[in-house]
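Participant: Here you go, one structure.
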Amino acid sequence: MASSSSSSSVIKEAKVLMVGAGGIGCELLKTLALSGFPDIHIIDMDTIEVSNLNRQFLFRQSHVGQSKAKVARDAVLKFRPHINITPYHANVKDPEFDVDFFKQFNVVLNGLDNLDARRHVNRLCLSANVPLVESGTTGFLGQVTVHVKGRTECYECQPKPAPKTYPVCTITSTPSKFVHCIVWAKDLLFAKLFGDKNQDNDLNVRSSDAASSSENVEDVFERRKDEDIDQYGRKIFDHVFGYNIELALSNEETWKNRNKPKPIYSKDVLSDELTQQNGNLDKNYACDDGFSVSAMASLGMKNPQDIWSLKENSRIFLVAQRLFFTKREKEIGNLSFDKDDQLAVEFVTAAANIRAASFGIPLHSLFEAKGIAGNIVHAVATTNAVIAGLIVIEAIKVLQNDVKNYRMTYCLEHPSRNMLLMPVEPFEPNKSCYVCSETPLTLEINTNHSKLKDFVEKIVKAKLGMNIPLIMCASNLLYEAGDVENDMVAIYAANLEKVLAELPSPVTGGTMLTVEDMQQEFVCNINIKHREEFDEEKEPDGMVLSGWTQPVSTAENKDKSVGNGSSTADASTAAVESEKDEIEIVSPSRKRKLPDDSNIPSVADEAKHHKQLQVIDDEDDLVVLDGNLDCFKQRRLT
Ligand SMILES: Nc1ncnc2c1ncn2[C@@H]1O[C@H](COP(=O)(O)OP(=O)(O)OP(=O)(O)O)[C@@H](O)[C@H]1O
Ligand SMILES: [Zn+2]
């Protein structure tokens, strides 16, 4: 490592950008300031919440509701008054933070909590040619990785674990775990009752199955004008927990090898007491702030760790619905589940528990249900502090251009050989990475049916993370984002359809589209190929994007170490990048685990130890890291 005098000189000259002023960000700003960094810019889009105060120590109760970036600045200036801190209370994806904005910094430091923003910053750093130090923590696990264009992997060189999805039929018909009931309650029922009524929803499927019966079930979710709210609540209850279950039972095949669920009707669980109870709600719990309306409070239930009985869950279910329709009427139709929305969590807990009771699955407390629904791993302040320290160490090396000492460092949950931190050398860029190299992707679609809109929304925006796309086929402009006039939209759609229609069927070679994100200055080529059929269960988009091959060195190393197909960055991201704003559960991607008696080698030791890895697929196992050093040595930076 370079001498300390040169580290202090690079620090004095440095202008750094921090993105995120949350758990990691507060620690990071403090450490940067105390290390002598004179010019720090911070972007954070959030305001301070009470739940941040236990670990985001720059914030106090009196700051709740204020900008994190601004309050963090003020707090640090109290003990380091002479440094420059520039706060931006804004989304890093805003157009003002473009490539030119990024170019002014010597290094960018991420303290973010979601994949979308991380990808965006990665691409801007690549375009602006500014090094990025990336980080993440989940509970006791954490990581700091270094991304320098052309020298190391970019943040997207390795595929990130997709949020876990469940087969639709498991959720709608055959749940076997509590998490299935939560996904049903949150993504289907809650969305159907309080979100956008027009969205596709598998509760509809169930309803229309029965459309031939005397009841016009399509209308069940529609609250009729003047319909008594409690009556409506019971109708929903009976429909989803009673009638739909009976309907499911009528398909005997399904239950041949499964335990049959039991229909539950509100009259069997509840007496008329509920109506009286509801009568008190208006006067006791009227409240202007929607998020503090609570069905639990209105029923005098206090402890979120209690597991409610079926009767209690049923009462919460009905009271929560009632409160949504009486106290939060304006939001109905626009709500999506938010783990910080007490009433939403109460409703989802109750609905999931009633469904669980029906399917013989153990019930859970609100606290547990909230953790599952919000995909919450409780944050550990110490992990954030350790990670922030490591970010600063790597930032200094980057500023010194001390390439051979760059390290990706992983914070483990359990020390092994007294080591809690595992540093590894960064990997070279993945030549097959569509972000930092020019490798095209392949997209299979049915060129007869595909719509430009679906391609843009499901592939370009959702999968490739492009915010402001522009799509070309040779010199034909197919699409550009922004406020495009309707007639232009039609022309673009016709353009794409024309291009697709001209493909010979079946297409073997494909047609190359160029997709460019104007803001990120990121270009990606997609080879479109025709495919006739898609498996609706597994390929619900009707399009399959592929072509992201593993790094060449992976294949070379296959015989040496199981699981080296992914870098350590990948292994750790499985643990660290729980997408907090995702409502589904993060996938248990393939995890790598060192045997208990393994020696995690220190960097100095590396020539001596060559431990093999086990590949495990068990969701509950601790994720630790790839300690195989052959692989590190072969990919060492030159
Ligand atoms: N696109 C973005 N632009 C700017 N800031 C962002 C963006 N995405 C996330 N952030 C910020 O990154 C920070 C991440 O911090 P942290 O992981 O501690 O999350 P939190 O929201 O403060 O806490 P929690 O999610 O645990 O309640 C947050 O302050 C959040 O506002
Ligand atoms: Zn890359």
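Note: Cβ is positioned from N, Cα and C throughout, glycine not excepted.
Copying in the features that TrEMBL gives for the protein in this structure:
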ACT_SITE  Cys169  active site, glycyl thioester intermediate
BINDING   20-25, Asp44, 52-55, Lys68, 113-118  ATP binding site
BINDING   Cys154, Cys157, Cys433, Cys436  Zn(2+) binding site
DOMAIN    10-433  domain 'THIF-type NAD/FAD binding fold'
DOMAIN    330-370  domain 'Ubiquitin-activating enzyme SCCH'
DOMAIN    443-534  domain 'Ubiquitin/SUMO-activating enzyme ubiquitin-like'
REGION    553-608  region 'Disordered'
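For each listed feature, how buried is it and what is near it?
Facilitator: For Cys169 (active site, glycyl thioester intermediate), other Cβ atoms within 10 Å of its Cβ number 12.
Non-local neighbourhood of Gly23 (ATP binding site): Asn52, Arg55, Gln56, Gly111, Thr137, Ala379, Ala381, Asn384, each in the same chain, at least six residues away, with C-beta under 8 Å from its C-beta. Under DSSP, Gly23 (ATP binding site) is assigned to a helix (H, G or I) in the three-state scheme.
Neighbour count (other Cβ atoms within 10 Å of the Cβ, all protein chains): 23 for Cys154 (Zn(2+) binding site). Secondary structure at Cys154 (Zn(2+) binding site), taken from DSSP and collapsed to helix, strand or coil, is coil.
For the domain 'Ubiquitin-activating enzyme SCCH' (330-370), same-chain residues at least 6 beyond its ends with a Cβ under 8 Å from one of its own Cβ atoms are 49, 51, 175-178, 180-182, 184-187, 189-191, 194-197, 237, 240-241, 245, 259, 261-264, 290-296, 304-308, 310, 313-314, 316-317, 320-321, 323-324, 376, 583.
If you take every residue in the domain 'Ubiquitin/SUMO-activating enzyme ubiquitin-like' (443-534) and average the pLDDT, you get 79.
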Participant: Beyond the listed site residues Cys154, Cys157, Cys433, Cys436, identify every same-chain residue whose Cβ lies within 8 Å of the center of their Cβ atoms for the Zn(2+) site.
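Facilitator: Everything else in range on the chain: Leu126, Glu153, Tyr155, Glu156, Pro429, Asn430, Val435, Ser437.
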Participant: Cys157 (Zn(2+) binding site): which of the binding-site residues Gly20, Asp44, Asn54, Asp113, Asp116 is the nearest Cα neighbour?
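Facilitator: Sorting the binding-site residues by distance from Cys157 (Zn(2+) binding site), the top entry is Asp116.
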Participant: Could you check the binding-site residues Asp44, Asp113, Asp116 and say which one's CB has the most other CB atoms within 10 Å?
Facilitator: Asp44
Participant: From the Cα of Cys154 (Zn(2+) binding site) across to the Cα of Asp44 (ATP binding site), what is the distance in angstrom?
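Facilitator: Cα-Cα distance, Asp44 (ATP binding site) to Cys154 (Zn(2+) binding site): 22 Å.
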Participant: Would you mind pulling the DSSP three-state label for Asp113 (ATP binding site)?
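Facilitator: Assignment for Asp113 (ATP binding site) reads coil.
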Participant: Hey, how far is Cys169 (active site, glycyl thioester intermediate) from Asp116 (ATP binding site), Cα to Cα, in Å?
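Facilitator: Cα of Cys169 (active site, glycyl thioester intermediate) to Cα of Asp116 (ATP binding site) measures 29 Å after rounding.
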